[in-house]
Every structure is written in structure tokens, then in C-alpha cells.
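Peer 1: One structure is given below, represented as C-alpha cells, and several questions about it will come after.
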Amino acid sequence: MPTESASCSTARQAKQKRKSHSLSIRRTNSSEQERTGLPRDMLEGQDSKLPSSVRSTLLELFGQIEREFENLYIENLELRREIDTLNERLAAEGQAIDGAELSKGQLKTKGEVNSRESLIVSSFKTTTSRAACQLVKEYIGHRDGIWDVSVARTQPVVLGTASADHTALLWSIETGKCLVKYAGHVGSVNSIKFHPSEQLALTASGDQTAHIWRYAVQLPTPQPVADTSQISGEDEVECSDKDEPDLDGDVSSDCPTIRVPLTSLKSHQGVVIAADWLVGGKQAVTASWDRTANLYDVETSELVHSLTGHDQELTHCCTHPTQRLVVTSSRDTTFRLWDFRDPSIHSVNVFQGHTDTVTSAVFTVGDNVVSGSDDRTVKVWDLKNMRSPIATIRTDSAINRINVCVGQKIIALPHDNRQVRLFDMSGVRLARLPRSSRQGHRRMVCCSAWSEDHPVCNLFTCGFDRQAIGWNINIPALLQEK
């Protein structure tokens, strides 16, 4: 193919230039040594109080240092050419990598060279991210940070958000309009999950309860979606906490309000941090700061099992989409797998491998679990082998509630540092969601949720900036780039 031949030609040219630079440097060194009249054997014979063996060792070491600097000099020259080539490719988009500091003759350390190479790779990924990840809609109306976001699994498909302002809101995905407000809790609403087949929502709260409530919505007529993909050419702009959405008007005041739940699940002695439906929707599980997880019968509200064993507060719980399995995560650096497939008994497996709080652990289709932690890593586990992860992703910031696109097996990682990154199950980074002074999250991103069936938005994120964001992720483009 033409591309392959061009690549081979470029490689040969680079190799030839590298060799010519090496020969040129050697000739220069030789001529300078001749001009000073101090050849190597004369240097070795100079009077010195050092033993001859020590002098010989020093000369050998200095020779090695000279060769290392020679290699770094050549790498700098080649790197400069690569940057110039990259700038030409990015010029059409108004982007460029500043490589002016790599002036001729200026030597860089090996660490600086590697850093510059990483910048080149990162720039290619940034271009891909902008093309494949576009902000579609912002959902603004909460009066405090948003802890959780979820997408309904039945028609009509709506977006749900859970906030520290003691409410949960349901939104039209297409228009961004608030459809329903749930105000039955007297504490922070920490999570929201939709029933698998009915118009029911399950919310967990700091008031030590979980509520099940029914909603009925009528979706408004969609309006044309504004193209926000070209809002800013900057990929990273620092924003202060004051640069938050204008919330002078309460958009949720005009939508119907539900104040009384169908069912209230009460057994915990501490904050209920998360809740989820078991497959089939007849049972629900809750996770609490009282170090326990509880399994309830939805119809009777009775406690079926109290799951004990964690040494510290629980941070999250998740259920398998097709099997009666539950995974709970905790500040004790572990997560536990609970098996309820046999009605008479339930077994538990403990997964150890993180060094800090496990902020969430979620199932994928098949026999895998993905866990995220404050130790800045994400690990992919095989349920059949809990001794060690099959993949580890290392990042630069603590990781909050992760979510996996089940069909494509893409992991969305929301970070404390306001970034959202996408990885595949093998640990390969696919993209970073764009963020600038006028789009993206301005404070910590708390949670992410995929919606694989929605035609416009297939990823949602929420954070402490009191807004949720709907994104359109071109998954085929990301996978093709990988």
C-alpha cells in the first residue's frame, strides 16, 4: 500500500540522517581534540595523583556520558522534525504544538524527550476526541452537586439525577426540560436507579432510607440540537468554582412534584449511599455507611438478607444485568461479590488489589467486574479468578462512579480533577471528553452512565458543578482509531 511504502521510506531517511549526525558529531569531536593538541593518550599520561586504574575508569565513564549526550542530541533533532510534521497536519484546525524551545544545539534530558513524545501522542488523541465526543445537552436545575445519573430502561426513556439538594429530577433527554421532581427525602439523594420494566425509580438518601416511587411523564416535542462541538478550540482551560451554571431561576419549580414514596426501605443505621434493582425488579439492594448492604423484597418492604463483612463504610453497590449477583465496594479497599442464585444460601468472594477506597465496582456482560478506586487505578477482574486483575488502568486522579458500555465494553471514568476518560476493557485509552471554559464540567465529576439505545446522547455525566451533561460518543470512530 502507498502508506506503507511512504512509512518505510521515512524510516530509512530517519535512520540515514541519524547515522550522518552521529558521524558528524564524532568528526567534530576528533577535530576539536586535534586542535587543542590533547589526544586521548596524552590525557591518560598527564600527571595525576589518582591511581591509573581510577583514571582509566573515569575516562571510560566520561566516554559513556559523551555517547549518551550524543544520542540525546540526535533524538532532539529527530523530535523537532516530528513536531514540525505534526504542526503541519494540525494547522488546518488552528492547533499547533509549541516546539520552539527545541532550538538547534540545545540538549534536553532523556525525561524531557519522553515527555515531548507523550505530548505528540496526546495531541493525536485530542484531535480524535474532539471529532468523536461531542457535547449535546446540559441539564441544569439542581441547587447543589449531583451525585448520580441514570437512564430509564423502559419507554419513555428519561434521564434521572440525584442531588445533594435533597431532590431527584427526571429530564427529557432531547430538550433538557425537567419533567418530574421527587422531594420525598429529607437528606441528600445519593443515587437513582430505574426499574427494569416499570416506571419506578429507586433512590438512596442520607436520611438512612431508600425510596421506591412511581412516575408518569409525557415527553415534550424535541427542539433542534445546537452544535456545541466547535465551541472552543482549547482542550484544557482552567475554570474557577465560581464559573458555574447560572441558577437564578429554579427550572424544576414548574414540573410536577412527588413527595410521598410507594415504599420506604428502612433498616440502616447510617447514610444509604447507593441502591439498585436485582434482575427482574422484585428485590432491591442498598449499601450504607453502617458497613452493611441490605437485600429487600420490593412488594413487602421486608428485609431478606443483611450482608455483613466489610470493615468500613460502603461506597457503592451494583447488580448483574442477567444474574442474581451483587457487588459491594467499600472504604476498606475491597469489594465483595454476593451470589444469590441459590435461594437457600448466598456465598461471598472478597476481591483485594486496591490500596485505597474502592469507589465503585460494576458488572459487565459475562464474567467480568470493573472496579475504580481513590488509589487512581481501575482494575478489570475475572469472576472465576479473584486473585489478580486481568487489566489495570493507571490514571492521574481519584476515580468516582464508573460505568461500562455493555455492548461495546467501553469504560467511562469520571475523575476528581474534572476529567472524563474512556478506555476499553484491555486498558487502552480511547478518548478524553473535551472540556474548556465554555463546555464540560467545572468541578469534580461524580458519575457516568451509558445509554446505548438513545439515538442522540449515549453517555451522561454529572458533577459538583450542579449540572448533568449529555454526550454523543462516536464509538465506531474511537474503536477504528484504536
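Cβ atoms here come from the backbone N, Cα and C positions, even for glycine.
TrEMBL does not curate its annotations; it predicts them automatically.
According to TrEMBL, the protein has these features:
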| type | residues | note |
| --- | --- | --- |
| COILED | 69-96 | coiled coil |
| COMPBIAS | 1-13 | compositional bias 'Polar residues' |
| COMPBIAS | 22-31 | compositional bias 'Polar residues' |
| COMPBIAS | 32-47 | compositional bias 'Basic and acidic residues' |
| COMPBIAS | 233-251 | compositional bias 'Acidic residues' |
| REGION | 1-49 | region 'Disordered' |
| REGION | 224-253 | region 'Disordered' |
| REPEAT | 139-181 | repeat 'WD' |
| REPEAT | 182-213 | repeat 'WD' |
| REPEAT | 265-306 | repeat 'WD' |
| REPEAT | 307-348 | repeat 'WD' |
| REPEAT | 351-391 | repeat 'WD' |
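I'm curious about the neighbourhood of these features; can you describe it?
Peer 2: Within the same chain, residues 187-199, 201, 203-205, 215, 217-223, 225, 245, 247, 250-252, 254-258, 274, 401, 443, 446-451, 453-454, 456-457, 460-470 sit at least 6 positions outside the repeat 'WD' (139-181) and bring their C-beta atoms closer than 8 Å to a C-beta of that stretch.
Residues of the same chain lying 6 or more positions beyond the ends of the repeat 'WD' (182-213) and with a Cβ under 8 Å from any Cβ of it are 144, 147-154, 160-170, 257-266, 268-277, 279-281, 284, 286-288, 296, 298.
Cβ atoms under 8 Å from those of the repeat 'WD' (265-306) belong to residues 148, 187-188, 190-191, 193, 195-198, 200, 202-212, 312-324, 326, 328-330, 338, 340, 346 of the same chain, restricted to positions at least 6 beyond its ends.
Helix, strand and coil residue tallies for the repeat 'WD' (307-348), in that order: 0 helix, 21 strand, 21 coil [DSSP].
For the repeat 'WD' (351-391), the list of distant contacts is 315-316, 318-322, 325, 327-331, 333-337, 397-404, 406, 409, 411, 413, 423, 425-427: same-chain residues at least six beyond its ends, Cβ to Cβ under 8 Å.
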Peer 1: Could you count the residues of the repeat 'WD' (351-391) that DSSP puts in helix, in strand and in coil?
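Peer 2: Helix, strand, coil within the repeat 'WD' (351-391): 0 helix, 22 strand, 19 coil.
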Peer 1: Would you report the average pLDDT that the model assigns to the repeat 'WD' (182-213)?
Peer 2: 98
Peer 1: What does DSSP give as the helix, strand and coil breakdown of the repeat 'WD' (265-306)?
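Peer 2: Summed over the repeat 'WD' (265-306), the classes give 0 helix, 23 strand, 19 coil.
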Peer 1: How does the repeat 'WD' (139-181) divide up by DSSP, counting helix, then strand, then coil residues?
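Peer 2: Result for the repeat 'WD' (139-181), in helix, strand, coil order: 0 helix, 21 strand, 22 coil.
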